[in-house]
Amino acid sequence: MGGCFSKKEYQADGNGYRSAPTAYHTVTDQSYEKSSQRSQPQAQPQPQVQQTGPSLKPRQVHRPESNTILGKPFEDIRGKYTLGKELGRGQFGCVYQCTENSSGQLYACKSILKRKLVSKNDKEDIKREIQILQHLSGQPNIVEFKGVFEDRQSVHLVMELCAGGELFDRIIAQGHYSERAAATICRQIVNVVHVCHFMGVMHRDLKPENFLLSSKDKDAMLKATDFGLSVFIEEGKVYRNIVGSAYYVAPEVLRRSYGKEIDIWSAGVILYILLSGVPPFWAENEKGIFDAILEGVIDFESEPWPSVSNSAKDLVRKMLTQDPRRRITSAQVLDHPWMREGGEASDKPIDSAVLSRMKQFRAMNKLKQLALKVIAESLSEEEIKGLKSMFANMDTDKSGTITYEELKSGLARLGSKLSEVEVQQLMDAADVDGNGTIDYLEFITATMHRHKLESYEHQAFQYFDKDNSGFITKDELESAMKEYGMGDEATIKDIISEVDSDNDGRINYDEFCAMMRRARNRRKLFSVSLTS
């Protein structure tokens, strides 16, 4: 969860590509977790045959290496591609720009370190994402998959380079916006859903960050780039694992009984944000967001909704219908009067306040997530030895994350008598990125003794404050965030404006601690419950 390019550590998107699929250390479908082990029959001794003719040279057989993930012989990516500048970095590896040697064409390469794929689930997840990328490649609005290579250290996924950046960045940079522009964007997003469902794939993690523009051209195509949580649809199967990102999760996911209709809900949330600048279900923490989603009350009264067309609001309502059986399908969305090309969507500019709110929403929590990563990486083995053991005991399937069920059973083994509601509150408190599981770094920062965490906050501040001036400047923040592939100049400005309460253009220590305190107050409950 929450990771740089994965659902682990922190959500650090490097040019929109992630250096490991989002599913690697998050809840995966049960059918991928365990397979029955069958005893193999003993090999019978072969009778010896006396050689009568000339000796034959044995035929060379290329067998896969013993530590292969893809089940085929290793191949050096450098034979076909030259790796160039780094686009992003995460716990699982890096994303590079690469050049095809034969054509000079630029691509993106996700290089995933195999030693980070510790469990059987991790390896199955990467194989499944590759299968889905190969299956969907060539379809409109989906990133083109070029190929995969494996060597002793890494798995390399080569795909189309989407140089146009993130969706929200483009909208904000343009500075003007209309319902017609929102309809054009949403049509491309729903087209991805339509193609996925038609080809038997459920995406399960639709959100703006998973879409990039193919180029910097004005009319660049929107491309879906991340299929780390996607699965092949099994007809008649009811899916029960909580996956996705908090703001975009459908109510039936929270009820642990869902199907492909969840993708329409997520697309509806994106459309609501495109029209208003904020998500439809909002709260200070994940539990509050989930409660709001389950309640299902959608605000069409606040600005700018009175000036949004009735046709647009009608489509949003139909996409955000609580009952998935009554929710509109992807084909019906594309045929809606507001959504159709040349349809009812107006070219009248939307209120500029929508763009301002969109900027704030995008910048939210990025600095906090990076600070927690810095803190967790600063801890010595001695300091976290007991916590590491506790995490391992709770992570019963060795997936690298703790699910709700694992947390509940782990607390019971510790003698806790917490109710299911209280366990969910603990889950929400520790789950910084809101993807429904607790990764190792989130667990460590949630369970550390409070005074120790506070002392490390000073160390984290010093990590950003390179010149020891007592302030984090724009340049210092930019340097730190780019080191982890986390943000462009616009994002950095937005973060400073959000945290900088005295408006002097810098972040002082008190402002930094105030930001961290908002996260720490939520996690205090988690720490007390585990260590008391």
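Each Cβ is built from the backbone N, Cα and C atoms, and glycine gets one as well.
Remember, it's a predicted structure, so these values are computed and weren't measured experimentally.
Look at Swiss-Prot and you will find Leu87, Gly88, Arg89, Gly90, Gln91, Phe92, Gly93, Cys94, Val95, Lys110 tagged as ATP binding site, backed by sequence analysis. Swiss-Prot lists Asp395, Asp397, Ser399, Thr401, Glu406 with the feature Ca(2+) 1 binding site. The Ca(2+) 2 binding site feature in Swiss-Prot is assigned to Asp431, Asp433, Asn435, Thr437, Glu442. Annotated Ca(2+) 3 binding site per Swiss-Prot: Asp465, Asp467, Ser469, Glu476, in sequence order. Annotation source Swiss-Prot lists Ca(2+) 4 binding site at Asp500, Asp502, Asp504, Arg506, Glu511. The compositional bias 'Basic and acidic residues' annotation in Swiss-Prot covers 1-11. Annotation source Swiss-Prot lists compositional bias 'Low complexity' at 37-55. Per Swiss-Prot, region 'Autoinhibitory domain' is recorded for 345-375, and the stated evidence type is similarity to another entry.
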Exercise. Select the closest residue to Glu442 (Ca(2+) 2 binding site) from the following binding-site residues, measuring between CA atoms: Gly93, Thr401, Asp465, Asp467, Arg506.
Key: Thr401
Quiz item: Near Asp467 (Ca(2+) 3 binding site), which binding-site residues out of Leu87, Asp395, Asp500, Asp504 have their CA within 10 Å?
Solution: none
Quiz item: Can you tell which of the binding-site residues Gly93, Asp395, Thr437, Arg506 lies nearest to Asp465 (Ca(2+) 3 binding site) in space, using Cα positions?
Solution: Arg506
Quiz prompt | Between Asp395 (Ca(2+) 1 binding site) and Leu87 (ATP binding site), the C-alpha gap once rounded to whole angstrom | solution = 32
Practice problem: Would you mind pulling the DSSP three-state label for Val95 (ATP binding site)? | Solution: strand
Exercise. Give the sequence-ordered set of same-chain residues, not counting Asp395, Asp397, Ser399, Thr401, Glu406, with Cβ within 8 Å of the centre of the Cβ atoms defining the Ca(2+) 1 site.
Key: Met394, Thr396, Lys398, Gly400, Ile402, Thr403, Thr437
Quiz item: Among the binding-site residues listed here, Ser399, Thr437, Ser469, which has the most company in the form of other Cβ atoms within 10 Å of its Cβ?
Solution: Thr437
Exercise. Could you check which of the binding-site residues (Leu87, Gly93, Thr401) sits closest to Asp500 (Ca(2+) 4 binding site), going Cα to Cα?
Key: Leu87
Quiz item: Taking the Cβ of Glu406 (Ca(2+) 1 binding site) as the centre, how many other Cβ atoms fall within a 10 Å radius?
Solution: 19
Quiz item: Nearest to Glu511 (Ca(2+) 4 binding site) by Cα, among Asp397, Ser399, Ser469 (binding-site residues)?
Solution: Ser469
Self-check item: Residues close to Ca(2+) 4 site centre defined by Asp500, Asp502, Asp504, Arg506, Glu511, Cβ within 8 Å
Solution: Phe471, Ile496, Val499, Ser501, Asn503, Gly505, Ile507, Asn508
Exercise. Based on Cα distances to Ser399 (Ca(2+) 1 binding site), point out the closest of the binding-site residues Leu87, Val95, Glu476, Asp504, Arg506.
Key: Val95
Quiz item: Going by DSSP, is Ser469 (Ca(2+) 3 binding site) part of a helix, a strand, or coil?
Solution: coil
Quiz item: Fewest neighbouring Cβ atoms within 10 Å: which of the binding-site residues Asp395, Asp397, Glu476, Asp504?
Solution: Asp504
